[in-house]
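Taken straight from TrEMBL:
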DOMAIN    504-551  domain 'Cationic amino acid transporter C-terminal'
TRANSMEM  52-73  transmembrane segment
TRANSMEM  85-105  transmembrane segment
TRANSMEM  117-138  transmembrane segment
TRANSMEM  147-166  transmembrane segment
TRANSMEM  178-199  transmembrane segment
TRANSMEM  248-270  transmembrane segment
TRANSMEM  335-357  transmembrane segment
TRANSMEM  387-405  transmembrane segment
TRANSMEM  410-432  transmembrane segment
TRANSMEM  444-467  transmembrane segment
TRANSMEM  508-525  transmembrane segment
TRANSMEM  532-552  transmembrane segment
Amino acid sequence: MEKSRESSLWAMSRAAARTAKRVARRAVTVTTPFDELHPVRARSGADMHRTLTWLDLVGLGVGGMVGAGVFVTTGRASRLLAGPAVLLSYAIAGLSALLSAFSYTEFAVDLPVAGGAFSYLRVTFGEFAAFLCGANLVMEYVLSNAAVARSFTAYLGSAVGVLAAQKWRATISFLPNGFNQIDFIAAVVILSITILICFSTKESSVMNMVLTATHILFICFIIVMGFWKGDWRNFVEAEDPEKHRSGFFPYGVSGVFNGAAMVYLSYIGYDAVSTMAEEVRNPRRDIPIGVSGSVLLVTVFYCFMSASMSMLIPYDAIDADAPFSAAFRGKSDGWRWVSNVIGAGASFGILTSLVVAMLGQARYVCVIGRSGVIPGWFAVVHPKTSTPVNASVFLGLLTAAISLFTDLQILLNLVSIGTLFVFYMVANAVIYKRYVSITTTSPWPTLSFLLSFSLTSILFTLLWRYVPSGHPKAFILFANFVVAIAMVQTFVLLVPQAQKPQSWGVPAMPWVPFASIFLNLFLLGSLDGPSYVRFGVFSGVVVVFYVVYSAVNGGSSMGEEECFVQLDGGTKEKCLSNCIVDGGGDETSLKV
């Protein structure tokens, strides 16, 4: 009996030791672009058809971004954080998004697969970093889509003259506040779009183009009406100056950056465009135009629309849930019809953003499923529709359930932090990709500079946020900024590029991705403490899942169950350890 117990304990300790070694090995295992483009992609069964052009990508990018952000976050960002200076918040967030978009574009051109940031990080920093970021980004998509769907109910109510919160949402008294307003319309919209995207990507794109073109007409109408019927004094005067501060910066410069962190949700759509790379006809030409072009267009729209809203109504009188349509409710009876028109336009825009975002989130989960870190069931591409049906249905049901119960403000507080973190990681990854070649260069000089620059940026952010205003603060911030610039210049002089992209690359390398790192960390520093708690809790759950399931049940980087080596004499032997693919030729060469 005693010997049996000792034997059992010994077996458990050996199993734990093997698990620890396996986790440590898999966590830093990287794949090659050849892996992602061929054997990994083959795990989905059928291929996704390459049917999209640059015009489709621009339409998907504009539709995905404009519908969600400006109609959901502008009211709260203006009223609670930035005031009339919210237009500067959009400009700052747009600049940060454009810099991040350059990094995404270089990866998407070289690696035209559906995995987006997950695939980019997997070929640079390894499987664990990719899974942590990919899981957070999928969470961002699900929560932001739920938030946008609930906002659709509010704008649809404005279009027909109904106060949706009272008429179309059912209150359940025994549920806690924030989860007791049941929104059936939001859930139905999510489920309807789920059915659409399961059938065809091209048809989804065509529908998006029609809705986006219609939506742009509404946007131009909103801008014209705002500048025509608005009052310039609303930029500097509050409606109730006794309770709220007046001025263009009622919450100070820090409020502008806090607002930028919130409205960054508005730019999540361009990331969805990069996940469509596997379905693009000419990735080298179409992806740079589609990703960067859509971000530039949307930034211009956002700045003009937020300025229009600020002219229409003082910031402290803005309706946080439906700011644009509500701005005309207080006008004379002859102009109340504008509120209904804006509500209808916003409803179109929100539908386009949901189509794009739900296309993107399904492709993320599909590629994560291919990697083996979650069940391979999610990776299946249906042979008739050429779409990831399983991932689409699962995420659609999850998003619908969340949108049914959860309040808009709770959802918005959960979103921005994960998005900024992933964009920060992709900016680091594109520098690592350019300056490190696994076979010829050491990664440590590049990693050391990346870590040092991140720490310098974090220090700048902490000083900005917590040091009292005055000349000493200005001097310290300036000195810190100079150190960061000198650090980048030193990196340029001391570390040569190991490889350059064959077709399209980030301009002004490495200055642009370093600037992206700085801005993303700075915006992360503008978020509140509870956001970090929620981010930490979710990331902890991801780590536990990876250790308990992914590293134990998932395949290796090549899929152990599918990996064989060629032996002398022409026989094959199953590969029992990680395999490295040498994709230099047409044939796959596997080395143990």
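Even glycines carry a Cβ here, placed using N, Cα and C.
Keep in mind the model is a prediction, meaning the values are calculated, not measured.
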Dominant neighbour of the transmembrane segment (117-138) in 178-199, 248-270, 335-357, 532-552, by Cβ pairs under 8 Å: 532-552
Interface present between the transmembrane segment (387-405) and the transmembrane segment (444-467) (three or more C-beta pairs under 8 A): no
Integer mean pLDDT for the domain 'Cationic amino acid transporter C-terminal' (504-551): 86
Distant-in-sequence neighbours of the transmembrane segment (85-105), which means Cβ under 8 A and at least six residues beyond its ends: 70, 74, 77-78, 116-117, 120, 248-249, 255-257, 259-264, 266-267, 270-271, 274, 287-288, 291-292, 295-296, 298-299, 302-303, 306-307, 310, 315, 423, 426-427, 429-430, 504, 506-507, 512-513, 515-516, 519-520, 523
Within the domain 'Cationic amino acid transporter C-terminal' (504-551), residues counted as helix, strand or coil by DSSP: 37 helix, 0 strand, 11 coil
Stretch-level contact, the transmembrane segment (248-270) and the transmembrane segment (508-525), CB cutoff 8 A, at least 3 pairs: yes
Tertiary contacts of the transmembrane segment (508-525), as residues 6+ beyond its ends and Cβ separation under 8 Å: 92-93, 95-96, 99-100, 102-103, 257, 260-261, 264, 416-417, 420-421, 423-424, 427-428, 430-431, 434-435, 450, 453-454, 457-458, 460-462, 464-465, 484, 488, 491-492, 497
